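Here is what TrEMBL records for this protein:
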- 5-35: repeat 'PPR' (REPEAT)
- 36-70: repeat 'PPR' (REPEAT)
- 138-172: repeat 'PPR' (REPEAT)
- 355-447: domain 'DYW' (DOMAIN)
Amino acid sequence: MPFKNLTSWNVMLAGCMKSGEVELARKAFSEMPMKDGVSWSTMIVGFSQKGYFDEAFGHFRELRRVGMTLNEVSLTGVLSACAQAGAFEFGKILHGFLERAGFLWMVSVNNALLDTYAKCGDIAMAGLVFERMPQKRTIVSWTSLLAGLAMHGHGDEAIQLFHEMASTGVMPDGIIFISLLYACSHTGLVKEGCTYFDEMRNVYNIEPSIEHYGCMVDLYGRAGQLRKAYEFACQMPIPANAIIWRTLLGACSFYGNIELAEKVKLKLSELDPYNSGDHILLSNVYAVAEKWKDVAAVRRSMNDLKIQKTPGWSMIEVDKVMYTFLAGVKQDDKIVVEAYEKLKEIMLRLRLEGGYAPEVGKVLYDIEEEEKEDSISSHSEKLAVAFGIGRLCKGKKIRVVKNLRICRDCHVMMKLISDVYNVEIVVRDRSRFHSFKDGFCSCRDYW
């Protein structure tokens, strides 16, 4: 272009971010002769959406430093980054700033703040933000709080909130029903979930989408009603997608149903043959039954198809800095070394005081017991919690965000740590929250 103005630069930024060219966007931003609120907002929102959380926080701080006027988009963007990363302390600082600067009159900012607290593991503060909203609550406000309650396993409270919303005259939509069914699924409220699924169509004239059908399969699967879940998926008026079959495969893996797992895996092989998670779940079923030849066959299949396992990672916030740990990666980085050293100390104390014995039966390889213990001891959430215990002040709640579902051994270990070390641990895995305190978990071992 012979002449570039601010608008063309901003369009370029937005185009790069939307197409995933983050480095190009970063380069263009640094070369801009002049930047406005749109430029900064585009970068903050883009970084947040692409998972570059530290960059989103850094650009927000720089925006404040240069004295640029804040707008609704940049505020909701940085709050979204806090929510996704589980950056609770940074979110609290933002809350204080928003209150002092007079931004809490905006409904969208309140909704983003509510969502941040809910996804950072403080559902009580999310409820407080909801109660104190100065403007009329929108369907987004109700949905955000209900989804938060669902993620924390508060099924009864989610149902109560749904009825409260209906009593205020706010009409539910398909999205809030997804959260409602999700809440029923994660707390074992099978009867209630079936009732709301029927009411959605018969009372509110909302035609179920693929997501609603998926919630129902999950509802039956988590409750151990695997055959019913399979029949429901087969009889759906919409063809079940890979996500639905994967949900059922996960339930088969959890309950150790080999026969049904193999049937479901055949369906997935047709829809999404290169998904590493599906192969791992089937391998898990075989491993629990100690069918090592079948485990090896699954592994060979993964190698033949050149399928790489999705690495597990966990993030923890310490002194407003986000730290990421990878499963099974013994790096020379001093932070990782520190975490491993603390973890060794914790495991020794748990064995002596808590009677901890690693659940090596869940390890997916036919290897020696000692090797199995090494395998499960390097799970990323264990490293993150160990690092948190070593670095955080006594009495501070440990908050961890994880990209995969927490395993049984880690779940047992977190309960023991919370009791032996007298610390509260909040773990957000890919589907829900687990709050560990005094040797118990908020999920009541139903997840």
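Glycine is treated like the rest: Cβ placed from N, Cα and C.
Bear in mind that TrEMBL entries carry predicted annotations, made automatically and left uncurated.
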The mean pLDDT across the repeat 'PPR' (138-172) is 94
Sequence-distant contacts of the repeat 'PPR' (36-70), meaning Cβ under 8 Å and at least 6 residues beyond its ends, amount to 6, 9-10, 13-14, 16-18, 20, 22, 25-26, 29, 76-78, 80-81, 84-85, 87, 90, 101, 103, 322
DSSP tally for the repeat 'PPR' (5-35), helix/strand/coil in that order, comes to 23 helix, 0 strand, 8 coil
Counted with DSSP (H/G/I as helix, E/B as strand, rest coil), the repeat 'PPR' (138-172) has 26 helix, 0 strand, 9 coil
